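Asker: Dumping what TrEMBL says about this protein:
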DOMAIN    27-476  domain 'Major facilitator superfamily (MFS) profile'
TRANSMEM  20-40  transmembrane segment
TRANSMEM  82-101  transmembrane segment
TRANSMEM  113-132  transmembrane segment
TRANSMEM  171-189  transmembrane segment
TRANSMEM  201-222  transmembrane segment
TRANSMEM  284-309  transmembrane segment
TRANSMEM  321-343  transmembrane segment
TRANSMEM  350-372  transmembrane segment
TRANSMEM  384-404  transmembrane segment
TRANSMEM  425-445  transmembrane segment
TRANSMEM  451-472  transmembrane segment
Amino acid sequence: MAGGFVHHGGTKGEGFEYRITSYFVFACIVAALGGSLFGYDLGVSGGVTSMDDFLKQFFPKVYRRKQEHLNETDYCKYDNQILTLFTSSLYFAGLISTFAASHVTRTRGRRGSIMVGSVSFFVGAIFNAFAVNISMLIIGRIFLGIGIGFGNQAVPLYLSEMAPAKIRGAVNQLFQLTTCLGILVANFVNYGTNKIHPWGWRLSLGLAAVPAILMFVGGIFLPETPNSLVEQGKLDEGRRVLEKVRGVKNVDAEFADLLEASEAARAVTQPFRNLLQPKNRPQLIIGGIGIPAFQQLTGMNSILFYAPVIFQSLGFGSGAALYSSIITSTMLVVATFVSMAVVDKFGRRFLFLEAGCQMILSMLVLAVILALKFGHGVELSKGYAVVLVIMICLFVAAYGWSWGPLGWLVPSELFPLETRSAGQSLVVSVNLFFTAAIAQCFLVSLCHLRYGIFLLFAALIFIMSLFIYFLLPETKQVPIEEIHLLFQNHWLWKKYVGDGKTPV
């Protein structure tokens, strides 16, 4: 069943026809549920680690330190490496599993990785809900990590490949939207379960099974992407799916693009080695390493992990901390809608650069207030506390329409089909490595660097904004199998890419 409007596009959108069909909408919504797994875990972990019942059972030393009101514990009351290992173990597991996901995604399709991810995430949720010791918690987190490794590897690729070029930015950002909604739901759940003693934390962790079930059931009916089917040699089926997902019969030009990309992909027997070739240097540096690393070095996930912890450390109290986290996660959802509305109009570079200025300003104000007014064994005044929350919200909003969604969108569209699966695995592994490293180091850094941690993040955001300004070409509305051609006209990358015809 097709929608009532038709668009035309080729290079910059000319010659590729499509309709918005119910088939296309269903496929994108089901696939995007993968983001809710990631988001729910991001939101739930920080809330659970600030719950007294959870701390008393598994981390009694942290609980006792939390109850003390000594000068040195204002920044350091949650500094415990085993506690942060509870969070970061998931990301180390995801980092490793994404390389297995690359093989599955390339040989069995994007849908296969999505299904595997949902099953593993479900198992992890059950382990955590019934955990009686730290070992069970860590095992559960590892299964969750495998689920996220597979899901984050496949979902952004799926959405970018299913989407028409003119709306690819908005469609791909469904992943970020469901991630943000997962965070928001998790914060509401934590706010409610924090009042259920002594087992509320179990409910928070166990409810992670819900999005996993939804994604698995939806995945049973999920079509494979035309790009993946053509890559596997299933040409007739690939064309049928392309016609159905586009809602038109005239897909000759787009299908020809897929066939050409598929021929190059089949010539590549070692896609990870191929990533190191000079012709893939821009994709490797920008999409494979730079953007996924910088996405975490903004400091955003640290704030999301530990928003309840941060607000408690700022003297807000347990209930108010979770309520403040709900406010920030709501800002993230709103900002994602803003990004979806403008990303295909104003472009990726504009959002990156505007947000960089806004995030730097927010971090500097945070650092100044914390330097002057916090860390002396007394709670902040209400006025300063409100300013801190406003600055965090401004930071979250800027991240929510830039590095959050674009950190997944841009890498997923940069790689050619021949290295797309391997490239996305590199994206996920780098992303999760820095996620895990920052999760493991953030609280100890907060303890030792104090307000300086926010000055460090401000400096890093300045560096990454320069990275975007000088190295990333604009990709809005360019067909996904033609994006690699942009680098042939770039002032730096044209020295490396040549004609791009040498396979490995």
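Along the chain as shown, the residues are counted starting at 1.
Every residue, even glycine, has its Cβ placed from backbone N, Cα and C.
Curation plays no part in TrEMBL annotations; they are all automatic predictions.
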Asker: What same-chain residues lie close to the transmembrane segment (201-222): Cβ under 8 Å, and 6 or more beyond its ends?
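Answerer: For the transmembrane segment (201-222), the list is 26-27, 29-31, 33-34, 36-37, 40-41, 44, 47-48, 51, 53-54, 111, 114-115, 117-119, 121-122, 124-126, 128-131, 140, 144, 147, 151, 182, 186, 189-190, 193.
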Asker: Assess whether the transmembrane segment (350-372) lies in contact with the transmembrane segment (451-472), where contact requires at least three Cβ pairs under 8 Å among residues 6 or more apart in sequence.
Answerer: yes
Asker: Contact between the transmembrane segment (113-132) and the transmembrane segment (20-40) is defined here as three or more C-beta pairs under 8 Å separated by at least 6 residues; is that satisfied?
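Answerer: The transmembrane segment (113-132) and the transmembrane segment (20-40): touching, yes.
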Asker: At least three Cβ pairs under 8 Å linking the transmembrane segment (82-101) and the transmembrane segment (321-343), pairs spaced 6 or more in sequence?
Answerer: no
Asker: For the transmembrane segment (425-445), what are the same-chain contacts with Cβ under 8 Å, counting residues 6+ beyond its ends?
Answerer: 78-81, 83-85, 87-92, 94-96, 98-99, 101-102, 105, 145, 148-149, 152-153, 272, 275, 284, 287-289, 291-293, 295-297, 299, 301-302, 305-306, 309, 407-408, 411-412, 453
Asker: Counting only residues 6 or more past its boundaries, what in the same chain has a CB within less than 8 Å of a CB in the transmembrane segment (113-132)?
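Answerer: Residues 31, 34, 37, 90, 97, 101, 104-105, 139-151, 153-155, 158, 202-203, 205-209, 211-213, 215-216, 219-220, 222.
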Asker: What residues elsewhere in the chain lie close to the transmembrane segment (321-343), defined as a C-beta under 8 angstroms and at least 6 residues from its ends?
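Answerer: For the transmembrane segment (321-343), the far contacts come to 43, 46-47, 50, 169-170, 173-174, 176-177, 180-181, 183-184, 186-188, 190-191, 194, 303-304, 307-312, 351, 389, 392-393, 396-402, 404-406, 409, 476.
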Asker: Over the domain 'Major facilitator superfamily (MFS) profile' (27-476), what is the model's average pLDDT?
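Answerer: The average pLDDT of the model in the domain 'Major facilitator superfamily (MFS) profile' (27-476) works out to 88.
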